[in-house]
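Accompanying notes for the structure given below.
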Amino acid sequence: MSQRVYIFDTTLRDGEQSPGVSLNVPEKVQIAKQLARLGVDIIEAGFPISSPGDFESVRAIAREVKGVTVAGLSRANFLDIDRAWEALRGAEQARIHTFIATSDIHLKHKLCMTREQVLEAAVAAVKHAKAYTSDVEFSAEDASRSDFDFLCQVLAAAIEAGATVVNIPDTVGYSIPLEWGRLINDICHKVPGIEKAVVSVHCHNDLGMAVANSLAAVLNGARQVEGAINGIGERAGNAAVEEVIMALHTRKDQFGVFTRAHTEEIYRTSRLVSALTGMKVQANKAIVGDNAFAHEAGIHQDGMLKDRTTYEIMNPAMIGISKSNLVLGKHSGRHAFRQRLESLGYVLSKEELNSAFNSFKKLSDKKMNITSEDIEAIIEEEMSRLPHAFALDYLHISSGTAVVPTATVGLRRDGQLSEEAACGNGPVDAICKAVDKITGINCTMISWGINAVTSGKDALGDVNLKVTTDGCKVFTGRGISTDILEASAKAYINAVNKLIWDSMHTEREVGSEK
Ligand SMILES: CC(=O)SCCNC(=O)CCNC(=O)[C@H](O)C(C)(C)COP(=O)(O)OP(=O)(O)OC[C@H]1O[C@@H](n2cnc3c(N)ncnc32)[C@H](O)[C@@H]1OP(=O)(O)O
Ligand SMILES: CC(C)C(=O)C(=O)O
């Protein structure tokens, strides 16, 4: 038996049957092109007789999308099949997919047909389709609730009539994996002529088992799996194509089969389908959900930082997701917190880390998502508590059109007040020079900018600046005040405190290496 599993994507047909979803022709073509990039084998582009729009979509995809089989659905009647072929004829490889239900429930209540009539219609439909293309798929709708012997009889007759793929749908998502696997196994062994056709499954998700059933089918001989991206489709949807692909790929030790899918295109495809259908992907959805590669628990984050494989069975890059995401929140621990600090340029001692971590935990009880800005605010608060930090006590400025700008500054450090005065090119320059005299550190200001935090006459000025002493290490400072000179002084002192703090830590690190 071949080890290749064909992926039949029905996002544009069964997927579009999701209540509330309607895709236009360009949108369908866009998705089909992306599905081709993903490397699915068959794109079911639509149900051509169902509407002029669906007909046009199938026709456009058949003409424009290459390197993939394009399928169109038809009921088991000639009109549907003729219309399907009309839409499909421009395709590089075209498949007519014809179906009729085989369960007594459907025969009695929906089709109002006898078993003999269904058998006859199935054979006639396959033969009619076969006159157009060698690639004909026959589906026995509601197979899971059909009488087994009758199901086998119809499948055998369809193969005899020329069907190259026989699809076994669990139309209403009724089956469970063990039972479904057995059914597929029985079909593979008992249907006369089955070796001439590819056995396919099409599972719905009413009991949340569409993917599990599809995989059980593969273990039992199915070599085509039908599904939709993000698992969209009728009611609770279809088997999620991305989950099937990744399960077969990740557990090839168990399945021993392969697909030709380019897994790195999965995420992009999922996003596109979600955006164009308007169907959001739930955060905890396997493979493509926002949380599929996100970790918030401290123990997990610690494991991830030590080795990704502790808590990830797939590499996100394999799915087209750039990297795993360590989310800082109330369940996070010190390892992840320290890593975020380091990525922001802060190296803390054990005591400082503990103190900052406590502040972080308090904040995370109140705030769901802790951003890098929150972390910086925590660290700045920590630094302001440092014994050697400078704090502005007072500021006096003399400035105008006819005077040399002069600043007198008072800074407190460990409770001690130091005062200095200096002249400068402007009032901000004078403030910086006065501060430098007190700290004994000569900084060069690289940039200075101001934003209004609020509007009106009493707007708060938010000054952001950058300083350096050696041209290599740059320290940012921020100060807020209604007086922009006071905001500038606070920002400058903030940057200088960071510089001092950094040099203390560098010394300590060098010391600890000795
Ligand atoms: C399990 C699945 O997902 S199957 C695909 C389901 N998808 C869709 O139905 C979406 C597109 N459908 C449509 O646009 C419309 O239903 C159409 C255009 C196909 C048909 O519309 P209408 O002609 O108005 O018929 P309507 O949908 O109301 O009823 C379906 C008819 O098809 C018959 N029918 C259903 N399945 C089949 C079949 N596989 N083969 C032959 N006839 C069938 C029904 O018995 C019914 O026949 P009746 O009119 O003699 O009672
Ligand atoms: C047409 C068939 C394959 C179908 O969609 C189903 O049975 O769910």
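Using the three backbone atoms N, Cα and C, a Cβ is placed for every residue, glycine included.
Annotations in TrEMBL come from automatic prediction, not curation.
The annotation Mn(2+) binding site is assigned in TrEMBL to ASP14, HIS202, HIS204, ASN238. Here TrEMBL flags 5-267 as domain 'Pyruvate carboxyltransferase'. Here TrEMBL flags 391-514 as region 'Regulatory domain'.
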Legend entry - CB-centroid shell, 8 A cutoff, Mn(2+) site ASP14, HIS202, HIS204, ASN238, site residues removed: THR10, PRO169, THR171, CYS203, ASN205, ALA210, GLU226, GLY227, ALA228, GLY233, GLU234, GLY237, ALA239
Legend entry - Same-chain residues at least 6 apart in sequence whose Cβ lies under 8 Å from ASN238 (Mn(2+) binding site): THR10, ASP14, GLY15, HIS202, CYS203, HIS204, ASN205, ALA210, GLU226, GLY227, ALA228, GLY231, ILE232
Inset, instruction - May I ask which of the binding-site residues ASP14, HIS202, ASN238 have a CB within less than 6 Å of any atom of ligand 2, listed in sequence order? - result: ASP14, HIS202
Inset, instruction - Would you mind ranking the binding-site residues ASP14, HIS202, HIS204 by how many other Cβ atoms sit within 10 Å of each Cβ and giving me the lowest? - result: ASP14
Inset, instruction - Grab the pLDDT values for the domain 'Pyruvate carboxyltransferase' (5-267) and give me their mean, rounded. - result: 98
